[in-house]
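Trainee: Please see the structure below; I have some questions.
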Amino acid sequence: MNTPLYDPLSPELPQHLRADLRRELIARRQALPDLPRRQTELAERLLQVLDALEPETLGAYCATRGEFDPLPTLEKWLAAHPECTLALPRVDEATKTMTFIAWKPGEPLRPGPYDIAEPVGDAVIEPTTLLVPCVGFADVGLRLGYGGGYYDRYLSGREEVYTVGLSWACCELQQLDMQPHDQLMDLVLTEDGLYGLDALSLTLVD
């Protein structure tokens with residue numbers, strides 16, 4: 001268990017401290033030692049989770065600032081599961097919304113807002129399973145994102161979407177207050193294990 005980054009007795013973390021927390025967590029993951037081993041272990045866990053979930057349509061993301069990059073792992077998994085459609089997010093800064101666009105490994109990407117690559121196609125997909133990057137997380141499946149609210153807005157009203165948060169073990173928080181707009185992850189996956197409401201229902205081979 002990681003040391004908490006704020007007073008665990010505080011009922012709610014002020015917004016300015018949330019920003020500080022995000023910066024510290026991003027610095028933590030960008031300084032991770034033994035990164036190739038960690039990436040391999042998280043990739044192996046992700047493959048097992050995908051085999052268990054068997055998604056028909058899968059939403060993923062283009063990694064930034066030390067996030068786990070799921071795309072090489074998904075390329076491997078999709079080669080064995082061509083029936084699954086992969087989609088990546090495209091952000092509309094004007095409306096503060098996000099849509100998912102069909103994408104295949106090897107297809108071009110373009111620079112998007114926040115220096116995050118995005119697909120160039122126009123086929124909108126509604127993922128049944130969604131891989132969500134987490135800046136931080138609590139073991140109940142509560143996610144700390146970048147503060148823009150894009151994933152929370154997208155998931156609001158989409159209860160049928162199964163969400164898998166991806167993070168590093170060093171970014172686990174002992175406590176994180178839940179805000180009204182926050183969307184719980186069904187599962188959070190790190191290189192060290194599973195967290196969240198569905199963690200006990202999945203058995204992975206170490």
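Every residue, even glycine, has its Cβ placed from backbone N, Cα and C.
Please treat TrEMBL annotations as automatic predictions, because they have not gone through curation.
I grabbed these lines from TrEMBL:
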BINDING   Glu67  substrate binding site
BINDING   Arg143, Leu144, Gly145, Tyr146, Gly147, Gly148, Gly149, Tyr150, Tyr151  ATP binding site
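How buried are the listed features, and what sits near them?
Mentor: Around the Cβ of Glu67 (substrate binding site), 19 further Cβ atoms fall within 10 Å across all displayed protein chains.
In the three-state DSSP scheme, Gly149 (ATP binding site) is classed as coil. Cβ neighbour count for Gly149 (ATP binding site) (all protein chains, 10 Å cutoff from its Cβ): 16.
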Trainee: Hey, for the ATP site built from Arg143, Leu144, Gly145, Tyr146, Gly147, Gly148, Gly149, Tyr150, Tyr151, who else sits with CB inside 8 A of the CB center?
Mentor: Val135, Asp152
Trainee: Inside 10 Å of the Cβ of Gly147 (ATP binding site), count up the other Cβ atoms and send me the figure.
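Mentor: There are 11 of them.
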Trainee: Please work out the number of neighbouring Cβ atoms within 10 Å of the Cβ of Arg143 (ATP binding site), leaving out its own Cβ.
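Mentor: A count of 24.
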Trainee: Counting only residues 6+ apart in the same chain, whose Cβ is under 8 Å from the Cβ of Tyr151 (ATP binding site)?
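Mentor: In sequence order, Met98, Val132, Arg143, Gly145, Gln183 meet the Cβ cut-off.
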